[in-house]
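Student: Please see the structure below; I have some questions.
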């Protein structure tokens, strides 16, 4: 056993060394800093999926999104008691490699000009979105793969995420600023398919993995607080500079508040003991954030964000009680952190909400904000119904790439 452990450590060391040398060489050949004197470089010369160009104003967004990816997601997986000692360390390993690899892969598609990749705050925000997706995927297989396999999953996950993002945002013109599809849905179903391929009959159930002690709830408290502080910035990080940013921030807050309250509504009905765990609040908060990822910058209205959040908040408890046992027994999925109920299903609900709002988008309702939210509709090259159809078609495209990519990776 000790010889096997020693060999694994050597393999991990060698793989990390090779990957780092590879990225250093690729950075040396292709990556350059974006000239701050040309803030419009992205929109005029580069094929960008994100519409924000002001590099100076992007720094606070990059900081908030990075903290969310590193600390929020890092602590979100630490509630699994059996794997707590190494969970945060593995998350940091994934973040460290994912950001470097995402800058390269996304750069070739979105920030490539004259043979070089131009990086700035915006490209780092995009890389953090990619990192968050990979961290969601790892939640489905947490504790069942070693660090070497995590790195290989990151290598393929970043690449497939970037392809899906490019198809949706650049080719189809889909609006998904907060990542209901590109982040939550793709990450969840990519991880679930990897989990299905790696099915282990002796695997304990999720509830048996959770420690009944005090520490897991402490980690969940910290992760949830970070969600509340930084996720509104995550949702609004890629919105166009202008009046749509407050919409995304406020809609996210309203949705998370309603989703949290939904947990208290449903818990006494589903669980006779009525004991509330902090992990359940964490799940509800994530679901509320996922459901407004696409619709956050759209004209949801405050009451609409509350309705969406409340419905999303019902999904984790109902899913863990009724859906997860069925998927586990019939489809042989082993979802360690419950990403299907927390990210996948709320992300799909968010896609339907975004589709509905796109179909209702008019210049009278949005005013000058229409060109910020739906530029193709504002310029007359696409009707609202056509935009809505594209938003809807993005869902099967994402599910197809996520499931096929997950099978390949598994």
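Here the Cβ of each residue, glycine as well, is placed from N, Cα and C on the backbone.
Small disclaimer: the values here were computed from a predicted structure and weren't measured.
Dumping what TrEMBL says about this protein:
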| type | residues | note |
| --- | --- | --- |
| TRANSMEM | 12-31 | transmembrane segment |
| DOMAIN | 24-409 | domain 'Ammonium transporter AmtB-like' |
| TRANSMEM | 65-81 | transmembrane segment |
| TRANSMEM | 88-111 | transmembrane segment |
| TRANSMEM | 117-138 | transmembrane segment |
| TRANSMEM | 150-169 | transmembrane segment |
| TRANSMEM | 218-235 | transmembrane segment |
| TRANSMEM | 247-269 | transmembrane segment |
| TRANSMEM | 306-324 | transmembrane segment |
| TRANSMEM | 345-368 | transmembrane segment |
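Tell me about the setting of these features in this model.
Tutor: Here the transmembrane segment (12-31) has Cβ contacts under 8 Å with residues 97, 100-101, 103-104, 107-108, 115-117, 119, 146-148, 151, 155 of the same chain, all six or more residues outside its ends.
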Student: Averaged over the domain 'Ammonium transporter AmtB-like' (24-409), what pLDDT does the prediction give?
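Tutor: Averaging the confidence scores along the domain 'Ammonium transporter AmtB-like' (24-409) gives 83.
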Student: Is the transmembrane segment (345-368) in contact with the transmembrane segment (150-169), using three or more Cβ pairs under 8 angstroms as the rule and ignoring pairs under 6 apart in sequence?
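Tutor: With fewer than 3 qualifying Cβ pairs, these stretches do not touch.
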